[in-house]
Amino acid sequence: MANEKWGNQTVIAELNLLGFGNVQHLQIPFFFLFLLIYICTMAGNILIVVLVVSEQQLHTPMYFFLGNLSCLDSFTVCTILPKMLAGCLTGHSTISVWGCITQFYFFASLAAVQCYLLAMMSYDRYLAICKPLHYASLMNSKLCFRLAAGSWINGFIGMSIYILLMSQLIFCGPKDIDHFFCDITPVMKLSCGETKAVELVTTVFSSMFTFPPFTLTMTSYLFIIRNIMRIPSNTGKKRAFSTCSSHLTVVSIFYGTLVIVYVLPRTERLRALNKVFSVFYTLLTPLLNPLIYSLRNREMKEAMRKFLKKCT
């Protein structure tokens, strides 16, 4: 695609994702590592979706939300890893400006959906532990569907408005993005136009899609912990905590890495490690979620055993 002129500068049509090209001798090992992550992530998350759909004992609100989370994790790695794998083979990966904006749209939308899905899962655990007698009537199938659908619709429609504004930006270079995917910070650096409006909207949307669900998640767990501490027996405390420990682990990994990448001050050391921490919430979190929920969950293990018996 030919480049156009904007003022005295040339408007670029393609961008280079540098990925991990600064360590050329590790490109092939990285390729096989990320390919293994891709295969394991897809296999683990698809298995969870199949189990949730096929096994009657998993037809509960908690596993309904877990199935949604597994679908989301599969979409996330499909958004980022194919281009990243190509970059590992070539040392860099070329992507059109519109392709870059599209990749960021899907990544940002899925991240927003995940924030709200994790909040819905924490609210589900709050009702199960703090209001067990009313749980079945409060968290019914209709409410579960509405909460999950609202999370998906909210994330994708909200980011559509943001991407519409972002698409008005003009990019004059340099062409190189020192990242393995089109994240907002490195992409904004390439704009030669006025970016204050987009930066303001970025702050507003980041707050909208992170602080409300994070607040709901933390509030739910404060009530859960308080309720667990009131249980007289240690056995009862362990049993109650085991029902939410997997989800709490996932929440800690997800929000912990997001805070490191997007919230903490941009010191030179953190800037150098930015890509490494980005790998955690974009690739390792989708990989770890199936392991965390399957290895630490008795019902999931039992459902897996039954499913494997049916297959054999």
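Placed from the backbone N, Cα and C atoms, the Cβ positions cover glycine too.
The annotation domain 'G-protein coupled receptors family 1 profile' is assigned in TrEMBL to 44-293.
Among the features that TrEMBL reports, transmembrane segment is placed at 30-53 (among others). Within the same chain, residues 20, 23, 59, 63-64, 66-67, 70-71, 73-74, 77-78, 81, 84-85, 88-89, 283-284, 286-287, 289-291, 293-294, 300, 303-304, 307 sit at least 6 positions outside the transmembrane segment (30-53) and bring their C-beta atoms closer than 8 Å to a C-beta of that stretch.
According to TrEMBL, the transmembrane segment annotation covers 65-84 (among others). Note on the transmembrane segment (65-84): residues 17, 19, 34, 37-38, 41-42, 44-46, 48-49, 52-53, 93, 95, 103, 106-107, 110-111, 113-114, 117-118, 120-121, 124, 144, 147-148, 151-152, 180-181, 250, 282-283, 285-286, 289-290, 293 of its chain, located 6 or more positions outside it, place their CB under 8 angstroms from a CB of the stretch.
What TrEMBL records for 104-123 (among others) is transmembrane segment.
Marked as transmembrane segment by TrEMBL: 143-165 (among others).
Residues or ranges marked as transmembrane segment in TrEMBL: 204-224 (among others).
For 245-264 (among others), the entry in TrEMBL reads transmembrane segment.
Taken from TrEMBL, the feature transmembrane segment covers 276-295 (among others). With a threshold of 8 Å between CB atoms, the same-chain residues lying at least 6 positions outside the transmembrane segment (276-295) that come near it are 34, 37, 40-41, 44-45, 47-48, 66, 69-70, 73-74, 76-77, 80-81, 107, 111, 179-181, 183, 246, 249-250, 253-254, 257-258, 260-261, 301, 304.
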What residues elsewhere in the chain lie close to the transmembrane segment (104-123), defined as a C-beta under 8 angstroms and at least 6 residues from its ends?
62, 65-66, 68-69, 72, 75-76, 79-80, 147-148, 150-152, 154-156, 158-160, 162-163, 166, 181-184, 187, 209-210, 212-214, 216-217, 220-221, 244, 247, 250-251, 254, 281-282
